[in-house]
């Protein structure tokens, strides 16, 4: 059987890995629109979290398997259609992730100084499409809308000492911008309360312990929460207890005192919903944000934020909206639920299109960490394996796989990038990084990548 996977992030690689491991004869081809693989492991994981990127070693083993091939620099839906892939393969799995972001839908969100978390993260992580972002870091106060791990990542990058960032694979350009940054205060704002935050304890603890930055939590937000959280699940309970402790404890020892005198600060603001980004006098720049104060109806994860009628204004020259990523439809031949931003499916089988599957964020929505995506991808791979076993996928007719796709791509002037091509780019990045005393210096221009491999 010939299987094709579209997208080379964790969802794509885990799907391929599971199929290759549990079917001794299957061949899997992975297509990726960028020349370089690994998706959000390369472009989403924070530069100061190198341990999270270790999954790249396993993905590399998969890509080097003699039954697996990688074809980068191929945009499915443009260079080759999904229908053409379905004719060339017995099964096609769409694992292309979420390449857009949720919009706020409020006046002023297009002002200069307002960015989505997705583009800001892409900028400091070297995602080619965001390399020219040039965010304005000349203000003292930044405001991040959202209480998830991505919001904490951004706050940490904005406030981290340069000495820490210099040792990471953060891009040269963003490091230079951060070196001139005037930002010394970051507010993380959410519509709901402390019991509904979406970040995890590891990320919060890291933020609390960040050298040179002190947490500013309002004790009033946390009074009486010990009781409310008594019967909560353990992760939620521990997370809330850490926030309570941080908000209510007075500095005792030397390190706490040093932190109290820290030049930079960050804080959590709750029950505030953005209404409008306020412009400067010339109407071009963001100068602040107007927020509706909310009250919660219901409790726990299902609590809803309802405006109280009161508003508050906050000065800030940088607004980052971290309210979620969003998948886009890839090809008219693929059903897509625009409401939920996913491909309608059952256990990864795309509804109404036999032989077409999906995994990862485009299958279940943009939530969860790499391990969530791994389990989700194994679930889709299992569906493919079952369909091969019971004969739902007809393997009696042979399919040409890449042979058929190659001639289509050639006729359209598209030259795919192989995994050994990527390994040349990888070696060049690592060598450049070594010269600068960091793990790698990412190449951010796809044309430069292609020149490097003689394309």
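Every residue, even glycine, has its Cβ placed from backbone N, Cα and C.
Since the structure is predicted, the reported quantities are computational estimates derived from the model, not experimental observations.
Features as listed in TrEMBL:
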- 2-158: domain 'FAD/NAD(P)-binding' (DOMAIN)
- 11, 32, 40, 76, 361, 368, 369, 370: FAD binding site (BINDING)
- 147, 148, 149, 150, 191, 192, 203, 368: NADP(+) binding site (BINDING)
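For residue 191 (NADP(+) binding site), applying a Cβ distance below 8 Å and a minimum sequence separation of six or more within one chain yields 271, 272, 273, 294, 305.
Taking every protein chain shown into account, 148, 368 are the binding-site residues, and of these the Cβ with the most other Cβ atoms within 10 Å belongs to 148. Looking only at the binding-site residues 11, 32, 76, 369, the one with its C-alpha closest to residue 150 (NADP(+) binding site) is 369. With residue 148 (NADP(+) binding site) as the anchor, the candidate binding-site residues are 32, 76, 369, and the one with the nearest CA is 369. Just so you know, the Cβ of residue 203 (NADP(+) binding site) picks up 20 other Cβ atoms within 10 Å once every protein chain is counted. Within the set 11, 32, 40, 76, 361, 368, 369, 370 that the record links to FAD, no two Cα atoms are more than 25 Å apart, and one pair reaches that distance. When Cα-Cα distances from residue 76 (FAD binding site) are compared across the binding-site residues 149, 192, 203, the shortest belongs to 149.
The two recorded residues, residue 369 (FAD binding site) and residue 203 (NADP(+) binding site), show a Cα separation of 12 Å.
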